[in-house]
Amino acid sequence: MTPEHLPTEQYEAQLAEKVARLQSMMAPFSGLVPEVFRSPVSHYRMRAEFRLWHDGDDLYHIMFDQQTKSRIRVDTFPAASQLINTLMKAMIAGVRDNHALRHKLFQIDYLTTLSNQAVVSLLYHKKLDEEWREAATALRDALRAQGLNVHLIGRATKTKIELDQDYIDERLPVAGKEIIYRQVENSFTQPNAAMNIQMLEWALEVTKDSKGDLLELYCGNGNFSLALARNFNRVLATEIAKPSVAAAQYNIAANHIDNVQIIRMAAEEFTQAMNGVREFNRLQGIDLKRYQCETIFVDPPRSGLDSETEKMVQAYPRILYISCNPETLCKNLETLSQTHTVSRLALFDQFPYTHHMECGVLLTAR
């Protein structure tokens, strides 16, 4: 695979290899055959980052070969959304001959939605001034005149200039309901929107007969919290990143959801609060004992759950675990399988044509 060519004819084979690999990894914990959710074979990534290469008068996006570290020119990127591909050409055309926009520009980041909105961030090794703002405003207006719903941001050391806003609003159809998700530039969002819809619908399906409340750790912008709210009396969710918490609060209001409470704290801190080890001002006014959480949802970083959180989640009758790294999932399962059994297993092909896998398990208490 190269950035400008996807081996779409190999999609089925690479997916089958992942299914076999996941089943083998999970064999010590479950004999289940994974439920498999396929990705679109192209134009599935909703965000992308590129370095810029200045070659005389020419200017173009580049990526680096993971093995050799050599530069690869990228004029089209079929893994990314159609909108990103359109913007890549338009941005180069708009920046190449404009000194204020081109000088010391070293990276462009693209974030797009299925609803055809985009935020484009230009990163510089220089101070950004009024001349830059005027040039960027003219470029933004020219892009909009082409029918592109785009917002531009300039970034430099300790500087961020938003011409109007640093977010876009995604609208995802999830099990018969449209959910609005505010996505903030430079904050985590699910890269594969089509796969995200399938993950949300799978999570809804496996929790459809739930009782009581849901506790969620690592909730981000409320991606899963908002979708799962319809299956539970209440949802209590934690997240540490301020922009993600702000986006989650907006999303709760925008979707008219009244049973989700977001707390800004790390999963490790929440574990301490639940165990009575520490008290936190951020929890004032929230009576944790009022929540009857029979299900806990975790979508941890690649490192998986730390040992204290492992112990904490074992106290819940049901654990829904989404993992972007099956190796750390299996490491966690060495502990979790002492008290719980794997009752559902799914593979989500979030990252086609790579060795990376995303998977989900539902664990029920023995």
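Yeah, the Cβs are placed from backbone N, Cα and C, and that goes for glycine too.
The S-adenosyl-L-methionine binding site feature in Swiss-Prot is assigned to Gln190, Tyr218, Asn223, Glu239, Asp299; the stated evidence is sequence analysis. Per Swiss-Prot, the feature active site, nucleophile maps to Cys324. Residues or ranges marked as active site, proton acceptor in Swiss-Prot: Glu358.
Remark: Asn223 (S-adenosyl-L-methionine binding site) has Tyr181, Thr189, Gln190, Asn196, Leu200 as non-local neighbours, by Cβ distance under 8 Å and separation of at least 6 in sequence. Apart from the site residues Gln190, Tyr218, Asn223, Glu239, Asp299, the chain places the Cβ of Phe188, Cys219, Gly220, Asn221, Gly222, Phe224, Ser244 no farther than 8 Å from the centroid of the site's Cβ atoms, the recorded S-adenosyl-L-methionine location. For the S-adenosyl-L-methionine site listed in the record, the two most distant Cα atoms among Gln190, Tyr218, Asn223, Glu239, Asp299 lie 15 Å apart. The two recorded residues Glu239 (S-adenosyl-L-methionine binding site) and the residue listed as 'active site, nucleophile' have their Cα atoms spaced 17 Å from each other.
Counting in whole angstrom, Tyr218 (S-adenosyl-L-methionine binding site) lies 13 from Cys324 (active site, nucleophile) by their C-alpha atoms. Counting in whole angstrom, Asp299 (S-adenosyl-L-methionine binding site) lies 10 from Glu358 (active site, proton acceptor) by their C-alpha atoms. Taking the C-alpha positions, the distance from the residue listed as 'active site, proton acceptor' to the residue listed as 'active site, nucleophile' comes to 4 Å.
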